[in-house]
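Database features, via Swiss-Prot:
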type     : residues : note
ACT_SITE : Cys169   : active site, for beta-ketoacyl synthase activity
ACT_SITE : His307   : active site, for beta-ketoacyl synthase activity
ACT_SITE : His344   : active site, for beta-ketoacyl synthase activity
DOMAIN   : 3-414    : domain 'Ketosynthase family 3 (KS3)'
Amino acid sequence: MTQRRVAITGIEVLAPGGLGRKEFWQLLSEGRTATRGITFFDPAPFRSKVAAEADFCGLENGLSPQEVRRMDRAAQFAVVTARAVEDSGAELAAHPPHRIGVVVGSAVGATMGLDNEYRVVSDGGRLDLVDHRYAVPHLYNYLVPSSFAAEVAWAVGAEGPSTVVSTGCTSGIDAVGIAVELVREGSVDVMVAGAVDAPISPIPCVLDAIKATTPRHDAPATASRPFDSTRNGFVLGEGAAFFVLEELHSARRRGAHIYAEIAGYATRSNAYHMTGLRDGAEMAEAIRLALDEARLNPEQVDYINAHGSGTKQNDRHETAAFKKALGEHAYRTPVSSIKSMVGHSLGAIGSIEIAASALAMEYDVVPPTANLHTPDPECDLDYVPLTARDQRVDSVLTVGSGFGGFQSAMVLTSAQRSTV
């Protein structure tokens, strides 16, 4: 039985630096950074005082006052970004609602909403006991990440499978990977899938306590510097990216614009440590499995969209994994980290990086690694420093690594240049 192939026919992105895939791509292709001093709360108690904040107002982006009151910032991101349906040109009304599904990835859920509500019911933390009378009726929405999938399903009229994936920083890749499998097996006709996180609040800033985030704040624009010898942690970001996924031949029949085919996906875990990483073997295995599913040889990978968080450990771990999986071709393949420009939005970043990968093929441009001036000697691959590179891109490997040992890989190929 021939396996159904899955295409991306719609993309929408909300990221630091702009709402919309065009603004997002312009920032990446120009190598600009969106990092600044934190404005959402007073960061004085924390080592890290910079973040990549998104300029966003729900009311200015089509949400009603009632929706803004009901939804946490992350849920608002998800609903607005689910407008990828519009980009796809897909007539969802032509499909039975139960043949349309939703998968949303998120690492930390509605942390900003929870933090705000705690401040209200505790009088800014001054009360020994919280006063539940001040709790908003929709507080439950903040407590359950499943509300993200529910809000997106309501927004697009999906009555098929609807679920949330929470695998730390690989959530965005895993959410799309699971959605691809549902289309492949014929359970649905269309999936709206992606990931979201809005973690810039004191709650996720406890990452500061384990020194995962950078303390560099004297020059915010240069704070995120993956693979550089002076890197000292990542910059927290926020955002969302969502996709419309359809069976490839069906999308071609209706004349859809096809950004990419998702040809391979795999995930592994190291069963080792919550934050520690070993020698890259598990990520390398995920890469090999994704390439096998895509029926690609290592030599056919044109670009690697790295996890590239900017921690000493992760960047070296990834470099080792690429060498294990691709062999000598790793040295000939451009690798870059867009976290150098848009920060690390935890569960959302995997989907944001999938969007960047698809757009790299759309425009035949490899985005750069910003702020890479002095490469770490142990990170000795081609990390596309500072400036984007024009080159033909027919296939992209994008990878993610998450706390808990999660390692995921996805292969995108150019369906536009394939007649199969």
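Just so it is clear, glycine is given a Cβ too, placed from its N, Cα and C backbone atoms.
Structure with Swiss-Prot features highlighted.
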| residue | record | Cβ neighbours (10 Å) |
| --- | --- | --- |
| Cys169 | active site, for beta-ketoacyl synthase activity | 27 |
| His307 | active site, for beta-ketoacyl synthase activity | 31 |
| His344 | active site, for beta-ketoacyl synthase activity | 30 |
Given the model, what does the mean pLDDT over the domain 'Ketosynthase family 3 (KS3)' (3-414) come out as?
91
